[in-house]
Amino acid sequence: MSDEELPDTFLEDKTYGYPRTFDPNFKGPVAKRSCTDVLCCIIFILFIIAYILLGLVAWVHGDPRRVAYPTDSKGHFCGQKGTPNENKTILFYFNLFSCTSPSVVVNLQCPTTQICVSKCPEKFLTYMEIQFAYRTNTHYWTYYSQFCKSPFVKPAKTLTQVLLDDDCPTAIFPSKPFLQRCFPDFTTKNGTLTVGNKTTFEDGNGKTRNAIELRTAANRVNKILDARAIGMKVFEDYATTWYWILIGLTIAMLLSWMFVILLRFIAGFLFWVFMVGVIGIIGYGIWHCYQEHSNLQGRPNSHLTIYDIGIQTDISLYFQLKQTWFAFMIILCLLEAFIILMLIFLRERIRISVALLKEGSKAIGYLPTTLIYPVLTFIFLSICIAYWAVTAIYLATSGVPVYKVISPEGKCKHENTTCDPEIFNTTEIAKACPGAQCNFAFYGGKSLYHQYVPTFQMFNLFVFLWLVNFVIALGQCALAGAFASYYWALKKPDDIPPYPLFTAFGRAIRYHTGSLAFGSLILALVQMFKFILEYLDRRLKEAQNNISKFLQCCLKCCFWCMEKMVKFFNRNAYVMIAIYGKNFCRSARDAFNLLMRNILKVAVMDKVTDFVLILGKILVAGCIGVLAFLLFTHRLPTMIEGPTSLNYYWIPLLTVIIGSYLVAHGFFSVYAMCIDTIFICFCEDLERNDGSTEKPYFIAPALHGTLNRMQLVPQKQKE
């Protein structure tokens, strides 16, 4: 079709070989729309229904108490109310020396009898010692018998019979409760490992053991405990500083809000505040790293390298090395140099970014409800995360108690076979394997549901990623629709339609759920492949050679790039959907070709503005981080009294910094969406109009003048 054959109200563009029709009377986001990507919408709804059904099924079969309470050898919960174990909240292991099975790493289940007790042992005692002491003092047996499976009047059984019946432990050691389990009370005295201030002790079987043997026997558990001990200390730090963290996040919110408001009036000045602030904060970090490095001069072991001490669960050890602070200082110096070089080489483009920020500030000033929308996104994301976590826990705790045959010597041919504890002593296995036990192993089952629990977990993760990306896409499309209404209003703010954000949100839900689900599905698939790749990498890490590791790194890099690319295309596609109401594929194509036709403007305007906004986020997080550092390290004693006795001050410090950055990101993400929308509308504006009286530009005069001076608008506009 030639241009002469087109109707008078349309203009056709055949750039890149395909026809694209323009409506000269276009005045903003299209009001008359139809549903797009209906098939994907139906699939999305079906997946949500299946996800809800999965949650209900998991709720019926799962039992979170299996996570909250430890389980004894009979499958009973320790500390559960309304049961005989209500006051017995701690799990006790009869023979901790047998806890060398790989299963210990997974579920802390040792191949030994485990019972629920009210408290852990506090002294060394053996069954043989109790038998002798009972003749003169029954108090010892009263104390010892609480660690037996059932109460006995007196220790009448021989040691051999006790071992066969597995009624009592052969020995008890000083222990402390941790994670509701009794573990040896290991201490280091003059560089020597001890248990209850002893280096050697009797194990009740006629052997003399030392603390190192016990530590080695429980090594798998202790590795987990060391990490969890840090977790407990971290929890204590959070319990001490939670209100300070909330205060810091509140200040970050107010500071972000203040920056957003000030950007409307003093964007240029505020930009230099961003620059000087970020450079100053990084400079303070460099100075602090230098001071810490200098203070460690001459201290013992400070010259060691990170490689020398290896992987440590106590992270504070790394901060006692000069190399750590030197590495931090080098990283901060490189970051400082990078920012300064960016300022030097991008100084002209930054002027355009400041003009865009001013225009974005005006748009947000006319549409203040857009600043509240991140709260709605946060609520939706919180619901998705909570539902995913609860469903994952219920799926993980689905099943019935499964009991396995265990043998202390490990020589039974029926080892690890399923058994029934109620009738085990009457079976042939008990006769063929003297001393074998039928103990609780894990929760599971052989039904169809239990066989597909791992598949359900994968489905749970995939739908979670899909929903999270959909919520983000919905927010981007709604904000884009609102800001597009602002841009295409010729007389601002008189021509801005009422309730633009509410209208755009309603249009996105009513007409474009399928398109948003389509875009978020593509992104969710890429992210799912990334998770699977990471999972396989962890599972096969020891079996990999150099070639497979290289291929693994290449795949990770490819999927990372693909994720970034899909996010970029989706974001611009959602803007086109909000404006024109077309399906996802056509909108993505139009957005891509529009950006390709304006690639110079993309390089000059769009990405430099993102850099400026990132500096704003860093400034907010850095300001709050410096204040939190001074508070948590007690460097503000004359002004305010901070929290005392912190185990790791950097844990709440990092929480405040990361939380402040996320809060700032929530506010500045509205800005970023506003800039992206204005930029795409600006490119469309240049292609639709020529600046004449009949076809005026919708771009703001101030921004138009800046772009005119930078020669980023057609020369026709200058006429």
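Backbone N, Cα and C define each Cβ position, glycine as well.
Whatever TrEMBL says is automated annotation, not expert-curated.
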Of the residue ranges 212-234, 511-533, the one that TrEMBL records as transmembrane segment: 511-533
Contact set, same chain, for the transmembrane segment (463-490): CB under 8 Å, 6 or more residues outside the stretch: 26-29, 44, 47-48, 50-51, 363, 366-367, 370, 373-374, 376-377, 380-381, 384-385, 387-388, 496-497, 500-501, 503-505, 507-509, 512, 516-517, 519-521, 523-524, 527-528, 570-571, 574-575, 577-579, 670, 673-674, 676-678, 681-682, 685, 696, 698-699
Contact ranking winner - 38-60, 269-287, 611-632, 653-673 against the transmembrane segment (366-390), Cβ under 8 Å: 653-673
Any contact, the transmembrane segment (242-262) to the transmembrane segment (653-673), with at least 3 Cβ pairs under 8 A: yes
The transmembrane segment (269-287) in contact with the transmembrane segment (511-533), cutoff 8 A, at least 3 CB pairs, sep 6+: no
